[in-house]
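Chemist: Structure provided below as structure tokens; questions to follow.
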Amino acid sequence: MATLIHTLADHSDDVNCCAFSSSCLATCSLDKTVRVYSLNGFSELPYSPLKGHTYAVHCCCFSPSGHALASCSTDGTTVVWDARDGRALAVLQQPGSSPVRVCRFSPDSTYLVSGAADGSVALWNMQSLKLYRSGNVKDGSLVACAFSPNGNFFVTGTSCGDLTIWDDKMRCLYTEKAHDLGVACCDISSEPVSGGEHGFRHFQMASCGQDNQIKLWLIFSVDSLGVELKYQCTLNGHSAPVLSCAFSWDGQMLVGIQRDYSALLFKPPFFGGFSHITFFICRYVTTCVFAPCSPLLATGSMDKTVNIWQVDLMQPCAGNTLEKKSELAVEDWSEDDVSAWLCAQDLEDFVGLFKRNNIDGKELLNLTTESLTNELKIESLGLRRKVLQKIEDLRMKTCSVAVPVPDEFLCPITRELMKDPVIAADGYSYERDAMENWLSNKRRSSPMTNLPLPSPLLTPNRTLKMAISRWLETQQK
């Protein structure tokens, strides 16, 4: 199903992103480098590593031809490299010089999009290597981006949870609140979906976020002026925030990377649900990507490694868990789902009673001794205790879901949990080391607003440090 075939361990810090071309694999890291490997034996190319960035590299991507490679960094730049010899072709300074979180080539290699922590979106002309258009999202940092297969539009995602569709002239066509706790990644299938209620060719998109969900969407033209994003379904059953998602080259598989060290591979509709396979990966995984025209999957991790997997959904591997249907979150259970659960718990005698009282998942979790006695009229003390014990077990399982790190506890520069937060003259809090490095590079502007800093003074934020410490204690209980 998903067999580990190779591990790359050349980076000296967390791996943030991986990208395939038809012949190479690129990886980038907090260690400020980009490394490039041949798919023939996964040997590192002679010109690798690429060392053009002065801060952590957050994202990398190949042009569709594979001749160019782009990488973006906290240093506020996107570098375009010649993938054949490693030469830096251009250093593109983000408008506002804010840390750049994501970059993507258009399908015809005409444009390159870069998105930054201050919400700025830059569209670069790849022929002139100059800025073509720029814009800004309404709120939050821009952290995700995906082009449509025809190149007519692209989608961006933000830390505030918004998905925005832009055309190739940088006009905002549509905005949707998608994930309450922030978007982490989005990807558009290369295979369009034909037909549908609007009679147009649709594009299927997946988005994932800190709310433990992968959502599927359809993007379609509504008239000659724009497009619309239509919610399709949610792939529930995740036990932790989903940090990355990617379609396979043929659109037949979707992978989602969870914060709890596991990946879920989905195969589209199977008896109304989605078949999925769970396989486990060491330490906190940050990124995933499928190879073009190949069953290879790469995952990058905070253990500084990149794992290469051989994926085959036709022949499940021993030891992997195959489920014909994704597990719904309990609060999303229907009355029929509750009935099935009762039968599984040897409580089938209560199916009729629960159905008559319209007990769905949300109602099930709210049942108490009083409601079982007074509303459902279960007179036997022993039966009430048995039902309540099963419900309590279900509540414990539901509450065991990993809690995402509050955004205010993350350094705006590194997007990592702060250990020694300080307040800068712009009023924002940063990790001390990150802000000192920012200032030592002779930067005198705010990483958040790009306005001049009236003073380089950094003041310890003891209140925030205590709040982070208390939050960490609650996670260890």
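The backbone N, Cα and C atoms fix where each Cβ goes, glycine too.
Curation does not apply to TrEMBL; its annotations are automatic.
Pulled the feature table from TrEMBL, pasting it below:
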type   : residues : note
DOMAIN : 333-397  : domain 'SAM'
DOMAIN : 404-477  : domain 'U-box'
REPEAT : 50-91    : repeat 'WD'
REPEAT : 93-134   : repeat 'WD'
REPEAT : 285-312  : repeat 'WD'
Chemist: Restricting to the same chain and to residues at least six past its boundaries, which positions have a Cβ under 8 Å from a Cβ of the repeat 'WD' (93-134)?
Modeler: 55, 58-65, 68, 70-78, 80, 140-151, 154, 156, 158, 166, 168-170, 412-413, 415, 443, 445, 447-450
Chemist: Mind tallying the repeat 'WD' (285-312) by DSSP state, helix then strand then coil?
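Modeler: With helix first, then strand, then coil, the repeat 'WD' (285-312) has 0 helix, 18 strand, 10 coil.
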Chemist: Take the domain 'SAM' (333-397) and count its residues per DSSP category (helix H/G/I, strand E/B, coil), listing them in that order.
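Modeler: So the domain 'SAM' (333-397) is made up of 48 helix, 0 strand, 17 coil.
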